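Quick look at what Swiss-Prot lists:
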BINDING   13, 16, 35, 38  Zn(2+) binding site
BINDING   117, 118, 119, 120, 121, 122, 123, 124  ATP binding site
DOMAIN    1-54  domain 'ClpX-type ZB'
C-alpha cells in the first residue's frame, strides 16, 4: 500500500513520490495527493490525445460507399448525384491529406457545381456531407454578393461565415466546406462580354475566381467592406471545398437546342430521352451550355465536377415525408407523443401533402409549410384537451382544412 508521507511525516505525491518540499504545490484528494508537476504532465498527455483525435488524415476519411450510405439516411432519391458527390468529396480530402503532389503529379482542386430544380435537395446534400466529415460548414447566397466597391457584400465575407462556423479556428476553417446557393443568379446578362459594368453578375464571377482556385485571402473580422486601417484575418482557401448550387432555370432549353441541332447519329435517340423532364435533360449538360447560360469560361473551369439532380415527383415527396431519419412525419409524431397523443397520417393524406407541394412548385422545402397549415389548429388546441389518445390526419384535413379524427382514451379502450 502506498504511503502518503515519509518517516518524518512529510506528505508525498501519490504518483511520482516526490515530497512536499520537492514540489511547488501538492493537491489533496480523498486518500490521494498529486503534485503540480504530475498535473502538468497529465494536461500535456490529454492535449496530445485531443490533437491526435482532431487531426484529419486519410484513415479518417469515410470511403465513397460509406458517405453515400449516410447520405441515403437523409436524402431520398438522387442516386447518381449522391454517388458523384461521395466520390468528389472523398477525392478532395485525399488531396488535402496528401501534399497535393504525389510523384511529381499535381493534384488539382475539384470544386463542385450542383445543378437541379428548386427544392430537390442541393442544400441538404451539402449540409449532410459537412456533418459526415465533421468539418466546418457555411452557406452563402450568391445574390447578396457584388464586385468590390459596390453596395453589397464582398466575396471575402463568405469566408468569414466559415471562420465563424469553426469558432475562429483558422486551421480548421481551411479544411471546411462552403456552399454557395443561387449561383445561377450571377450569370452575366448575355453570352457576349458586356461593355457596361455587371457588378452582381460577371463582376462577382471574376471576384470569386481566386478564392475558388486557392489563395491567401484577407477577411475583415467584423464583416462588411474592407478599409485600409483595419486588421484582417488571413485564410488560405486552397483546401476549402466549394460547392455551388443553382436551379439554372432555362438551362434545359439550351441543352435541348444543342441536342436538337444534332439531327443525325445518336442525336435523335437522346432527343427522345430529354423530353421526359428537366432532370433527364440536365444529365446531358456540357460546359458549353453553362457558357451560353452566362457563366464565364474561367468560372466554369474552377467548378470541374458537375452534379445534376432530378426533379422530385409525387412518390419522392411521399418518401421524404416518411423515410429519412429527420422525416417530417417522424418529427411531428414525436411532438404529439410528448403530449401523450399518437399521431397518424393516412397514406392518402401523405399523397395529398405531396400533391399540394408540387402544385406550389416548391419541392421538398414546401412540405413543412403544407403540413403546418393543415395541423396548426390541432397543435394549438391539443395540449389543453385532456383525454385524447390518437389524432388521425386524413386527406380532407390537408385539402379542405377539415378537423382531424380524434380518438379519446375511453373510445380507444373500448375498441382495444
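For all residues, glycine too, the Cβ spot is worked out from N, Cα and C.
Ranked by Cβ neighbours within 10 A across all protein chains shown, the binding-site residues 16, 35, 38, 120, 124 are led by 120. Checked against residue 117 (ATP binding site) by C-alpha proximity, the binding-site residues 13, 16, 35, 38 yield 38 as the nearest. Under DSSP, residue 35 (Zn(2+) binding site) is assigned to a strand (E or B) in the three-state scheme. Each residue in 14, 15, 17, 18, 23, 26, 33, 34, 36, 37, 39 lies on the same chain as 13, 16, 35, 38 and has a C-beta within 8 Å of the C-beta centroid of that Zn(2+) site, without being one of the site residues. Around residue 119 (ATP binding site), a 10 Å sphere centred on its CB holds 23 further CB atoms from the protein chains shown. Looking only at the binding-site residues 117, 121, the densest Cβ neighbourhood within 10 Å occurs at 121. Around residue 123 (ATP binding site), the same-chain residues six or more apart in sequence whose CB sits under 8 Å from its CB are 139, 179, 181, 245, listed in sequence order.
Summary: among the binding-site residues (13, 118, 122), the fewest other C-beta atoms within 10 A of the C-beta are counted at 118. Residue 13 (Zn(2+) binding site) has 121 as its nearest neighbour among the binding-site residues 118, 120, 121, going by CA to CA distance.
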